[in-house]
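What TrEMBL records for B:7-80, B:94-167 is domain 'Glycine transporter'. As annotated by TrEMBL, transmembrane segment applies to B:6-25, B:32-48, B:60-80, B:119-140, B:152-172, B:178-196.
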Amino acid sequence: MTGLLPWLEWAGVAVFALTGALVAARKQMDPFGFVLLGTVTGIGGGTLRDVLLGIRPVPWILDPAVVIICAAVSLAAFVSAHHFEREGRTRVILWADALGLALFTVTGTAKALEAGAPAISAVLLGVVTATFGGIIRDMLAGDVPLALRRDVYVTASLAGAVAFALANRFVSPDLDDVIGFAVVFAIRGLAIRHGWSLPTYGKREG
Amino acid sequence: MTGLLPWLEWAGVAVFALTGALVAARKQMDPFGFVLLGTVTGIGGGTLRDVLLGIRPVPWILDPAVVIICAAVSLAAFVSAHHFEREGRTRVILWADALGLALFTVTGTAKALEAGAPAISAVLLGVVTATFGGIIRDMLAGDVPLALRRDVYVTASLAGAVAFALANRFVSPDLDDVIGFAVVFAIRGLAIRHGWSLPTYGKREG
Amino acid sequence: MTGLLPWLEWAGVAVFALTGALVAARKQMDPFGFVLLGTVTGIGGGTLRDVLLGIRPVPWILDPAVVIICAAVSLAAFVSAHHFEREGRTRVILWADALGLALFTVTGTAKALEAGAPAISAVLLGVVTATFGGIIRDMLAGDVPLALRRDVYVTASLAGAVAFALANRFVSPDLDDVIGFAVVFAIRGLAIRHGWSLPTYGKREG
């Protein structure tokens, strides 16, 4: 998957930046609020992964291309977000977030394996990469993180990261990215469409 | 204390993971919400300490035992938390958190000294290790962090870290862990039992 | 600017610590809450910058002077904050924050350039240094971050960081700090005084 990796990473950065900018629209921020929230969402998960792996400096310092992508996407959202009505925007946030979740699960797990992490830690770092950008976004915006709500979310990322690691080891490094991506996006997409959730603790309480 | 250190660390990770999982129960999360919140709470403080110290990669990437402990504790809490009624659960969270606070104050200060930090910074890193897992837990769950509420909390950790550093230097490295642990747990335990708080700013206001 | 850099850094740490302590006063915390919130606010932005740059350990571990400054300022605020009435305190928070924003924009950009970051990343790290201490402060206190509210804030920091980097390259390294500081403080100060804001997304909606 080596050749594809940077493209998948950039696509993940762009769609997560879009979700950050659309949350900024919902909170009626100014253009720099859009850029800040979009950028933090776009690069937050990968930055945390690289800090945990001990890659220094964090790669976007040496090559700020991803930051420029985030700023451009955020400003584009600022000038165009009003074309979506409110429900449309919520739907775009959900689906772009699902796409970013699938892309970052794959790239996060791949980069951790590349850096020499054992499989179980690589899976964890894939989930961290995929979920923490959105967690930081939601915390900055004062919302309960999507990742902690009831719907199947962390589950989808975890299943995809495991599928990626297994495919990388036992199937073929040429297919691992497709398999990992498909698992996350299918599970998360079905969960959005059908309102799936896992049984929660509270259900058994009353 | 070298021989005991990993065991105290694992015990601290386990009890903090338990508090994270019980907060997840209160927020009625699904099993993966339990695991995410339990794991972040269990390893958050130590991870921040190691990032600040510049240990790379963060140790649980090379040896994910603590992550497995967190996941196991969180899932065990998911299948058993309904045996406690609501008040019982709140009490378990408070006391497990106090135990974790005492354990992590000791291990955090010890690890920072071991890594060569001067005493005052080691004390600070002990407090950071002990308090930030819970701070991240409470922020993710949308609560005001326990560490910032009025009751004697940071105070207990700070007193214990100072006691540990003094005992390590002037008494004996064989007793420092017992002394540090006892100071934190005694102060924090008495504060919980008797509702102690320090005078707050507001008291003088009205 | 090399000679001045540590002094500007210490001044920035002190005024940001003051804003953290005054937010602690508003939330009626105890003395250790003041110290925790003051310290995190004072050193949070610079710590994040140094972690991203990969400087290890984080400098205040080797030389905890800035931490002692934060603790001293926070305790001084605890014993004296009641001399300000509520509105006075809010005004002091706003202006001290503006001063810290200007100081940290300059020192953050300067340190990143010194560490070898390309100009665009140095500008970004200047903004990160200047804004994240306050963002962490506001999130810990349960407020919407000042940096994400409508008034010209990130804008001021960004303009000053760009001015600093341009002055450093094309004017003179002796004047870059004065120019950068003046740009941030003038823009942010005028925004506070005249209630400036950029057009927000919401304005175009209804």
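Here, residue 1 is simply the first one shown, and the rest follow in order.
Using the three backbone atoms N, Cα and C, a Cβ is placed for every residue, glycine included.
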Contact between the transmembrane segment (B:60-80) and the transmembrane segment (B:6-25) (at least 3 Cβ pairs under 8 Å, separation 6+): yes
Contact ranking winner - B:6-25, B:32-48, B:152-172 against the transmembrane segment (B:119-140), Cβ under 8 Å: B:32-48
Taken over the domain 'Glycine transporter' (B:7-80), the model's mean pLDDT: 93
Stretch among B:6-25, B:32-48, B:178-196 sharing the most Cβ pairs under 8 Å with the transmembrane segment (B:152-172): B:178-196
Residue distribution over DSSP helix, strand and coil in the domain 'Glycine transporter' (B:94-167): 60 helix, 1 strand, 13 coil
Tally of residues which DSSP labels helix, strand or coil - the domain 'Glycine transporter' (B:7-80): 63 helix, 0 strand, 11 coil
